[in-house]
Amino acid sequence: MNDYGIPGTFGDEARLRRQILFSSLGAFALIFLLWQIAPHNQTVSSLLYPFRLIVTFVHEAGHGLTALLTGGRFLEFRVFANGAGLATTAGGNRFLITQMGYLGAALFGAVLLYAANRVRSVRLVAVLAGLFFIGCALLFTGSEGALLIGGIGLTIALWSAGATLHESQNQLQIILRIAAIGALALTFVMVRDNVALLTGVISGTALFALAVLASRPLILFLLNALALIVGFNALNDILSLWNNQSAVLGNVPNDALALAKLTNLPVNFWLIVWIAIAFSMMGAAVWLGIIRPTRRIR
């Protein structure tokens, strides 16, 4: 029996892994194609909107976590409704922090792709990815994170209280359940404008549900697709800066322009460096995580 709970030989497992990889690449290719159409088609743009938010979430989290790892502080980050984002940090290594938005997204994709295909428990990988999204959302998206935790806690408490009542107290039980639903709805209304928080919590919850409810092949397919979408879209975003090097968010310059000012090197230099690094990370993940192992066990 192979890692997916399906009877078969190592050769069968290799073929299954390749089939799942090709399916994931197909899903990524379709989404990438749609991404090019999206600016000119509102329906397609709406369909891809959740992926845009996820990519921006990972990008901004990359800036902030790098600040922490280099001795600084990660104050908060925001994801805006239009798909843009902004991370606020203090201290740390500005040279590395500035680069780890796009490169952080590519690194996330590469690590997820490698882990999904090399860690024996793919369910554990899904859970850890879910913890990443929920942890970043609750810790670094502002005070609404605590509000959401409190609201969900109150909801669980009210629902649990209703569940412990005797059948003779049916009316009170109904009231408590209605109150629980109302508390949850009110909580989400109060945090509805915090796109980063909602993106992280919803994405993380979906990954938890995937780990618990889905089959192993489906989990691997979706994790591969997510890794490829986030990782290679980082490349797409870098390329988009090539013709829009002066893009700003308010008075905040884009990452490449900020790094060019910091180092006195041309924007194009850093774009080429980022493209090379991002492509190398994703290529290494595909080779080490999937192609090389399947070649060994054919």
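Cβ coordinates come from backbone N, Cα and C, glycine included.
Automated prediction, rather than curation, is the source of TrEMBL annotations.
Taken from TrEMBL, the feature transmembrane segment applies to 20-38 (among others).
Per TrEMBL, transmembrane segment is recorded for 95-115 (among others). Same-chain residues lying 6 or more positions outside the transmembrane segment (95-115) and placing a CB less than 8 Å from one of its CB atoms are 55, 58-63, 65-67, 70, 72, 87, 89, 125, 128-129, 223-224, 226-235, 237-238, 255, 258-259, 262-263, 270, 274, 277-278, 281-282, 284-286, 288-290.
The transmembrane segment feature in TrEMBL is assigned to 122-140 (among others).
Positions annotated as transmembrane segment by TrEMBL: 146-165 (among others). Sequence-distant contacts of the transmembrane segment (146-165) (same chain, at least 6 residues past either end, Cβ-Cβ under 8 Å): 138, 172-177, 179-181, 183-184, 186-188, 190-191, 197, 201.
Under the heading transmembrane segment, TrEMBL lists 174-191 (among others).
The transmembrane segment annotation in TrEMBL covers 197-214 (among others).
For 221-242 (among others), the entry in TrEMBL reads transmembrane segment.
If one looks beyond the transmembrane segment (269-291) by at least 6 residues along the same chain, the residues whose Cβ comes under 8 Å of a Cβ in the stretch are 17-18, 21, 99, 102-103, 106-107, 109-111, 113-118, 227-228, 231-232, 234-235, 238-239, 241-242, 256, 259-260, 263. What TrEMBL lists as transmembrane segment is 269-291 (among others).
Between the transmembrane segment (197-214) and the transmembrane segment (20-38) there are fewer than 3 Cβ pairs closer than 8 Å, counting only residues 6 or more apart in sequence, so the two stretches are not in contact.
For the transmembrane segment (122-140), the most Cβ-contacting stretch among 20-38, 174-191, 221-242 is 221-242 (pairs under 8 Å).
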